[in-house]
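Taken from TrEMBL, the feature transmembrane segment applies to B:21-40, B:83-109, B:130-151, B:182-204, B:216-241, B:261-280, B:335-353, B:359-384. Sequence annotations record features per position, and here TrEMBL assigns domain 'ABC transmembrane type-1' to B:88-381.
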Amino acid sequence: MKMLKSTLAIVSAAAVLGVSGFAQAGATLDAVQKKGFVQCGVSDGLPGFSVPDATGKIVGIDADYCRAVAAAVFGDATKVKFSQLNAKERFTALQSGEIDILSRNTTMTSSRDSGMGLKFPGFITYYDGIGFLVNSKTLGVKSAKELDGATICIQAGTTTELNVSDYFRGNGLKYTPITFDTSDESAKSLESGRCDVLTSDKSQLYAQRSKLATPNDYTVLPETISKEPLGPVVRNGDDEWLAIVRWTGYAMLNAEEAGITSKNVEAEAKGTKNPDVARLLGTDGEYGKDLKVKKDWVVQIVKQVGNYGEVFEKNLGKDTPLAIDRGLNALWNNGGIQYAPPVR
Amino acid sequence: MQNSIGAPKQRLSLSDPKVRAWLFQIITIVAVVSMGWYLFDNTQTNLQHRGITSGFDFLERSAGFGIAQHLIDYTESDSYARVFVIGLLNTLLVTFIGVILATILGFIVGVSRLSKNWIIAKLATVYVEVFRNIPPLLQILFWYFAVFLTMPGPRNSHNFGDTFFVSSRGLNMPAALMADGFWPFVISIVVAIVAIVLMSRWATKRFEATGVPFHKFWVGLALFLVIPALCALIIGTPVHWEMPKLQGFNFVGGWVLIPELLALTLALTVYTAAFIAEIVRSGIKSVSHGQTEAAHSLGLRNGPTLRKVIIPQALRVIIPPLTSQYLNLAKNSSLAAGIGYPEMVSLFAGTVLNQTGQAIEVIAITMSVYLAISISISLLMNWYNKRIALIER
């Protein structure tokens with residue numbers, strides 16, 4: 001099924017690519033407004049990033065990013081439809097116009113940003129890096145340097161495939177890669193002992209571990225072997241849409257920095273004395289209009305989805321099964337590297 | 001000639017069926033070519049407009065990722081073109097092994113279904129009905145996840161005499177490495193084959209001339225075994241064996257059949273064999289019972305009746321549908337992407353497509369490969385079919 005689905009997606013995408021019209025500046029926003037929702041490409045099930053909950057609603061930081069864009073464009077965060085894509089399908093789906101935003105823990109690299117008809121708006125949802133998940137009970141490995149000769153499960157079509165190869169070559173170690181289409185298949189193969197190691201972005205490893213039968217038997221090794229800045233992607237050639245997607249993220253960061261939360265945002269919008277906050281929340285100036293979104297776009301984003309910190313804590317933070325520390329993803333004035341240009 | 005004599009000059013007219021036929025063919029060609037050109041041109045324009053690189057330059061770039069099974073040498077710094085060759089070889093490997101095994105198994109099951117032994121006939125029926133009716137992808141997943149991945153890890157593997165090891169990492173076995181006697185051994189095999197062909201020709205000739213039968217099979221087998229064995233005894237062993245040894249995480253040395261390959265080959269063999277069994281049964285059934293009776297009345301026993309009367313006639317019915325089954329097997333091998341066996345679709349149309357983003361080129365190449373494989377199988381089988389066809393005089 002998976003295979004059939006992805007082949008169909010790729011072939012139909014290739015066909016659509018062949019016959020669909022030009023991508024013009026503004027075309028995406030017009031199309032989105034006409035159909036009344038944002039079509040958002042997310043992962044095929046990654047806890048904390050995008051995964052269906054018990055009621056079938058897609059939850060996670062990647063899904064919330066699309067909701068925030070919908071809140072900015074329509075003033076209604078529910079006007080999103082999700083397409084669940086595996087790593088191999090994701091770029092073709094975006095290239096062909098099947099989805100408007102790809103918000104699927106995708107690493108920003110120069111080759112993906114050029115020559116593939118894609119553009120990264122530059123906002124990074126999550127600063128990540130590749131790590132290794134091993135069964136500490138049976139293997140007794142303490143460091144990635146001890147992995148010589150290991151069999152490694154990887155998800156096909158990811159930067160992980162390349163970075164793992166670089167790391168092992170660079171350290172003169174040997175390995176056998178087994179690549180699967182979905183992260184679930186690779187996790188299953190780790191459990192069954194087909195591989196010694198599961199490798200992926202560290203955030204994914206924590207998520208995968210939480211899904212295993214005996215999570216406590218597995219450890220994430222201390223090494224981080226690459227930089228994996230994960231962020232949303234849009235089609236090349238539509239700067240207007242790119243700006244909306246980019247500034248949605250910056251608005252969420254700025255809101256957190258200014259202490260605006262989903263609880264106090266309406267009060268702040270009415271009564272703020274701080275000129276920065278007034279500009280951000282649309283009480284002063286026409287910054288939303290310039291972006292071609294609602295005047296009160298930031299109010300809608302924060303009220304319906306939350307600021308960056310709230311979204312992070314809700315999906316990945318201490319109260320979730322993932323319990324991921326903010327780390328690099330803390331604000332710049334709080335020990336992290338999340339830094340948003342101002343809205344003005 | 002006739003025109004000059006004075007017959008009315010022919011003019012181009014739509015009422016002339018020849019003219020009409022030509023006209024329609026020309027219209028069809030123009031329509032097909034312009035449609036093709038439109039698609040090509042539109043794709044090119046759109047790709048350019050969206051800033052998507054096109055062309056086949058990417059094949060020379062270095063791939064940078066590892067591959068689990070490669071029949072030729074491969075390192076991460078090799079090009080995408082080499083990755084393509086590896087994917088192709090892996091697909092051909094599964095197809096080749098699968099076709100041979102499925103044919104053997106299919107013939108056995110097909111004949112068993114006609115057996116007079118009740119249990120054997122019923123077992124064969126159950127086999128066909130079960131495996132023919134379960135989708136091949138499910139069977140692949142079953143063999144992979146439920147059979148091979150539930151094997152113990154390499155450190156507790158099933159050990160067969162310290163030479164063969166079965167674990168969740170696959171089947172580890174000794175590797176045959178070339179020794180001094182290798183090339184003489186190969187030559188001796190060639191000599192044996194030539195001897196068998198000569199012997200067989202002589203035997204046929206004598207049989208046709210005198211009617212005296214000759215034990216071609218047994219003599220052939222003897223030739224095939226004795227000549228290379230003598231060579232190995234005189235010149236020295238052709239290969240020496242390298243045993244797999246457990247070291248670190250896994251076995252080192254020896255050859256390994258990875259579980260993805262085993263699961264895929266097994267699933268496709270078992271699935272296709274069920275269809276082949278039915279084809280074989282229908283072929284044998286198509287030869288009327290009168291043929292058997294006639295052969296018996298001529299004094300032929302059961303074995304020769306089957307070999308010389310029934311099967312040659314049955315083959316004419318069996319070969320054409322058998323070809324479709326071989327084609328199906330080749331195409332079904334692309335289902336391997338579900339279990340991570342690095343064949344054409346999973347490796348080239350999967351990983352390479354994703355790393356380069358050049359969907360159209362990669363898919364076009366992949367489709368041409370399957371087309372080429374299928375056409376080759378078809379041609380081969382058509383040639384064989386022609387050879388065994390009944391020569392009507």
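Each residue, glycine too, has its Cβ placed from N, Cα and C.
Listed by sequence, the residues of this chain that lie at least six past the ends of the transmembrane segment (B:216-241) yet keep a Cβ under 8 A from its Cβ atoms are 174-182, 184-189, 191-193, 195-196, 199-200, 203. Same-chain residues lying 6 or more positions outside the transmembrane segment (B:83-109) and placing a CB less than 8 Å from one of its CB atoms are 59, 63, 67, 69-72, 74, 124, 127-128, 261, 264-265, 268-270, 272-277, 279-280, 322, 325-326, 329-330, 333-334, 336, 341-344, 346-348, 351-352, 365, 369, 373. Counting same-chain residues at least six beyond the ends of the transmembrane segment (B:261-280), those with a Cβ under 8 angstroms from any Cβ of the stretch are 69, 93-94, 97-98, 101-103, 105-107, 109-111, 113, 124, 127-128, 130-132, 134, 136, 139-140, 142-144, 147-148, 170-171, 314, 318, 321-322, 325, 328-329, 332-333, 335-336, 339, 341.
Long-range contacts of the transmembrane segment (B:21-40) within its own chain (CB-CB distance under 8 A, at least 6 residues past either end) are made by residues 14.
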